[in-house]
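Input: a single structure, listed below in structure tokens.
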Amino acid sequence: MQIQCFESITQKYPQFPTALLANEEPIQNGEPFILYGTKLDITKLEKFQQKCGQNFQIFDVWMVAKNIIVLLKGQWFSDFIKFTHDVEVDIAKLDFSPKLSQAGLLVMDMDSTAIQIECIDEIAKLAGVGELVSAITESAMRGELDFEQSLRCRVGTLKGAPESILQQVRENLPLMSGLVETIQTLQKYGWKTAIASGGFTYFADYLKALLQLDFAASNQFDIEDGKLTGLVKGDVVDAQYKAKTLQHLLEEYGIDSRHSIAIGDGANDLAMMNVAGLGVAFHAKPKVQPQAQIVVNFADLTALLCLLSANDRI
């Protein structure tokens, strides 16, 4: 299907650069941006152009993973993001520094970013307090509760639960679609990769080993006699801790902050997004999206490869 979508565009536009509308003068000296998605075809491209009311210049079309990517130039408006919702593709203005060919640093949130679940919610279900903990998690991710306070509250509900339920959750840990391909590709190009998570070491350290990541920071359950005590051991990894982790890794690896990426879905990821050269909100909460540099609503984690490959083409 992706090949058909790709060819529907290249058959109409066999040479670049060219105007989307052949009979009208294109926008001159526009800003570069990309549209991308697994179902991006000529119909979606034309519908987007009609909504925008501009004759964009199209400079390139290529594929990364299963994504079709179109490089355009035009007069940028923030409304473009709303228009892409209607055609179910993603968009990104190319006003950031990181590129695939230049090694940098990626720091990821874990729950609902690197993996498809919120681990503490799954643990709570097995401990019989699922609904209570899920409600607190949602409120915290929306930024309605102080993260540290909400975390200690959620962990407190798990007091007395057997340590074995952590293993049950880890055995069925669903990786986010596109995670493995994205990490392996970045590592191939010399990128450093890390997790900074408000989740727990039992899962973050597992992912670090599985994916051969360079670093992982997360919270630690306090466990005594094979049971959770309901306490968090040591400092809580909150928004500021995540931001400091990213800064520390930049210094340790000698990487310019302009060549770093932070990606996450919750309010507690915004601080590290602001430190990074590129902050990406991934299928994020409504409060988070307007504050992020790039928003991904439809693509999987290979969206990062789309963004980085685009910067290599401008």
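Yeah, the Cβs are placed from backbone N, Cα and C, and that goes for glycine too.
The structure displayed is predicted, hence computed values, not measured ones.
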Looking at Swiss-Prot, which one out of Asp265, Asp300, Asp312 binds Mg(2+) in the same site as Asp109, Asp111?
Asp265
For the substrate site that Swiss-Prot assigns to Glu118, Arg154, Ser197, Gly198, Asn268, which of the candidates Lys227, Lys233, Lys242 is also assigned?
Lys242
If you measure Lys242 (substrate binding site) to Asp109 (Mg(2+) binding site) at Cα, how many Å is it?
9
What's the CA-CA gap between Asp111 (Mg(2+) binding site) and Arg154 (substrate binding site) in angstrom, rounded?
15
Determine the most Cβ-crowded residue among the binding-site residues Asp109, Glu118, Asp265, using a 10 Å radius around each Cβ and all protein chains in the structure.
Asp109
Most Cβ neighbours inside 10 Å, all chains, among the binding-site residues Arg154, Lys242:
Lys242
Say you check the Cα of Asp109 (Mg(2+) binding site) against those of the binding-site residues Arg154, Ser197, Gly198, Asn268; which is nearest?
Ser197
